[in-house]
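Following this message is one structure expressed as structure tokens.
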Amino acid sequence: MDFVHLVLRYLHLLGFAAVFGGWLVSWLSRKFNFNTAMLYGIAVQLATGIVLYGIVAAEGDANHAKLGVKFLLALLLAVMIAIPVWKKRERVAAGHFWATGALIAVTAGVAVFWQ
């Protein structure tokens, strides 16, 4: 089970890299849009996060409050990314773009600092 847990955590981190990397590239290129890499990244994060939650909860040492907050933040992030991608928007509003970047940072902060 440890190997499965490690593979899922690795995939979860790859999902984060796709979301953050896509946002960073969009910011540095001054396009302020969201791409399918970000959409697939957040989908991978949600899927692996749910499975990881199941594994940790089955072992009995889950921090349900932290994991619930992380799930809600990831779900909000998925909606913020998915709608512009599905509508094929060339550009998102500046506030939407920066709020998404802030939410990416907050989600990572919750994962790292909330023990």
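Along the chain as shown, residues are numbered 1 onward.
Just so you know, glycine gets a Cβ as well, placed from its N, Cα and C.
Keep in mind that TrEMBL annotations are predicted by a computer and have not been checked by a curator.
Okay, so TrEMBL annotates it like this:
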- 6-25: transmembrane segment (TRANSMEM)
- 37-56: transmembrane segment (TRANSMEM)
- 68-86: transmembrane segment (TRANSMEM)
- 93-114: transmembrane segment (TRANSMEM)
Taking a Cβ cut-off under 8 Å, which residues six or more beyond the ends of the transmembrane segment (37-56) line up next to it in the same chain?
1, 4-5, 8-9, 11-12, 14-19, 21-23, 62, 67, 70-71, 74-75, 77-78, 81-82, 85
Other than its close neighbours in sequence, what residues sit by the transmembrane segment (68-86), given a CB gap under 8 Å and a spacing of at least six beyond its ends?
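Beyond its ends, the transmembrane segment (68-86) has Cβ neighbours at 19, 33-36, 38-39, 42-43, 45-46, 49-50, 53, 92, 96, 99-100, 103-104, 106-107, 110-111, 114.
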